[in-house]
Amino acid sequence: MDNQLPPRKAPNFCSIRYGLALFLQFSNVVIISQRACINLTMIAMVNSTEPHGLSNTSTKELQDNIKNPVYNWSPEIQGIILSSIFYGVLIAQIPAGYLSGIYSIKKMTGFALFFSSLFTLLIPLAAEFGEIWVIVCRILQGLFQGIAFTTQQVIWVKWAPPLEQGRLTTLSISGLLLGPCVVMLLTGFISDSLGWPMVFYIFGACGCALTLFWFILFYEDPNDHPCISISEKEYITSSLAHQDRSSTSSLPIKAMLKSLPLWVISLCNFAMFWTNSILSLYTPMFINYKFHVNVRENGLLSSLPNLFAWIFSILAGHMSDTLQSRNIFSLLTIRKLFTSLGLLLPALFSLCLLYPSSSFYSIIIFLILASASGSFALGGILINALDIAPRYYGFLKGVTNLVGMTGALISTTLTGMILSQENLEAEK
């Protein structure tokens, strides 16, 4: 792909394309908050989240049962509830990727955000009817979140100049990392003061409001935006003029199956989602098990790894674009470098958590490093499909996300089963 800089460059700040990236970042914050809030509320929703049957010290002894209903869910059931959202995400990936090249991105992303918010609002009611209904809500929630995650990335095929793909995509995707930080900070305070059901009501309502703004403010093509400057429009269109983005009636499935780069991207997605999902879903439970803190303190501690992961993700995007624009490394080397850092470093720092002599501060530091270093992958495999086939970017993102989410589903479910087995052995 030709990556020469166009003669004229529109300013980065106060531009429509960067405003779009920030809007998508906020959208992802809300979406991932709807997904991740249950990671912390689970501590208040059940009698015990600790694998060895210790008393739950994260809820007040005299808590109002109407304000904070408590359910008798085993660690295995908790693991299924936490991971069930990935079933919906898995189902959505390839259909959403394929349909994003046919139907309106604006409508697909907007309605997906709305229905994700709707099922978030229904989770407290579903919990009253039993864990099965919570799992159903989570699956449907994941279905629409999977559509939103896949379709929104196709936006950059028309909006991101080649030398800004790294920073624009990572700026928008970084909302997936900032979201857990926000939800961990707010969920503890909301759950402690208003009760855990209000967490779902607040984040669900925010998503519904955001849907309205999405339909009003977003335009799929720079040429159709009424507020974009002439210089920015010319910069974007001239940058992408060489790039074949025309639609096609058929997909080159055989060529894709024989593509070694696509297989590598898919397998690396599997490895990245495997590690990151365990860290994201089980960090609150790990902190609760290790330090026996209350929900508010747990939220503060659990938010730190996500905060640093968000900062590192934005830095990774800027670093990858800088290395490319200055011709310090080739594009292939840049993607390999950031992918290697994003896969190897989290695994290394996660192993450091196994040392039995680890102190409070060392555990928190290793959790931060494990989450933050994984953000380097945003400058590697997460946007790599846009380099190799921009015309089929939506479908390729669906395929690679499907493989990645499979790793997330297996890892989180397996973790819940291991914790449940440890609980049974401890009771013998």
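Placement of Cβ uses the backbone N, Cα and C atoms for every residue, glycine included.
Unlike curated entries, TrEMBL annotations are predicted automatically.
What TrEMBL records for 14-428 is domain 'Major facilitator superfamily (MFS) profile'. What TrEMBL records for 20-46, 77-96, 108-126, 168-190, 196-219, 260-279, 299-316, 337-357, 363-386, 398-419 is transmembrane segment.
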Which residues of the same chain, at least 6 past either end of the transmembrane segment (196-219), have a Cβ under 8 Å from a Cβ in it?
20, 23, 26-27, 30-31, 33-34, 37, 41, 44-45, 67-69, 106, 109-111, 113-114, 116-118, 120-121, 123-124, 183, 186-187, 190, 225-226
Which stretch, 20-46, 77-96, 108-126, tops the Cβ pairs under 8 Å count with the transmembrane segment (299-316)?
20-46
Using a threshold of three or more Cβ pairs below 8 Å, and leaving out pairs closer than 6 in sequence, do the transmembrane segment (20-46) and the transmembrane segment (168-190) count as in contact?
yes
Under a Cβ pair cut-off of under 8 Å, which of the recorded stretches 20-46, 108-126, 260-279 contacts the transmembrane segment (77-96) most often?
20-46
Please figure out which one of 20-46, 108-126, 363-386 racks up the most CB pairs under 8 Å against the transmembrane segment (260-279).
363-386
